[in-house]
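Listed in Swiss-Prot for this protein:
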- 1-31: domain 'EF-hand 1' (DOMAIN)
- 32-67: domain 'EF-hand 2' (DOMAIN)
- 45, 47, 49, 51, 56: Ca(2+) 1 binding site (BINDING)
- 72-107: domain 'EF-hand 3' (DOMAIN)
- 85, 87, 89, 91, 96: Ca(2+) 2 binding site (BINDING)
- 108-143: domain 'EF-hand 4' (DOMAIN)
- 121, 123, 125, 132: Ca(2+) 3 binding site (BINDING)
């Protein structure tokens, strides 16, 4: 999670400004509108100061354990899942993770990505489904 934050925080000031956020989102969704980016940014900018700090970034990508459906956090997590699920089949492969991390400037090997999948792949199908993705994001948060 920290690596993703740092890759979006281009000027390395510890805050993600709207322009930095928009640039990162457009890498994956070139046709997204500014209005859609605004909605996502507002969800992440919890304190409303016009910038996203690392705590806001991490906390908003985590789903609260209360089981509420369609919370804003759940929606943001689903949008993040959809970015990784490049072929739209409802599951994420190690190669999809590798491509996304590479686009974000991360230096993970394919083997690293296979291990990421294996770590959370509870049903042993070789892919990460949405529930497993949430576990993966939570474990990333705890390890940073």
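Going from the start of the chain as shown, residues are counted 1 onward.
Backbone N, Cα and C define each Cβ position, glycine as well.
Cβ packing within 10 Å was compared across the binding-site residues 45, 87, 96, and the lowest neighbour count falls to 87.
A straight line from the CA of residue 89 (Ca(2+) 2 binding site) to the CA of residue 132 (Ca(2+) 3 binding site) spans 15 Å. Cβ neighbour count within 10 Å across all protein chains ranks 121 highest among the binding-site residues 47, 49, 121. When the Cα atoms are compared, residue 51 (Ca(2+) 1 binding site) and residue 91 (Ca(2+) 2 binding site) turn out to be 31 Å apart. In space, 132 is the closest of the binding-site residues 49, 123, 132 to residue 91 (Ca(2+) 2 binding site), judged by Cα positions. DSSP classifies residue 47 (Ca(2+) 1 binding site) as coil under the three-state reduction. One way to see the shell of the Ca(2+) 1 site is to take the Cβ centroid of 45, 47, 49, 51, 56; the remaining same-chain residues with a Cβ within 8 Å of it are 15, 44, 46, 48, 50, 52, 53. Cα of residue 96 (Ca(2+) 2 binding site) to Cα of residue 121 (Ca(2+) 3 binding site): a distance of 15 Å. Those same-chain residues not listed among 121, 123, 125, 132 yet with C-beta within 8 angstroms of the centroid of the Ca(2+) 3 site C-beta atoms are 91, 117, 120, 122, 124, 126, 127, 128, 129. Across the domain 'EF-hand 4' (108-143), mean pLDDT in this model comes to 86. If you measure from the Cα atom of residue 125 (Ca(2+) 3 binding site) to that of residue 45 (Ca(2+) 1 binding site), you get 36 Å. Residue 121 (Ca(2+) 3 binding site) sits 15 Å from residue 85 (Ca(2+) 2 binding site), counting Cα to Cα.
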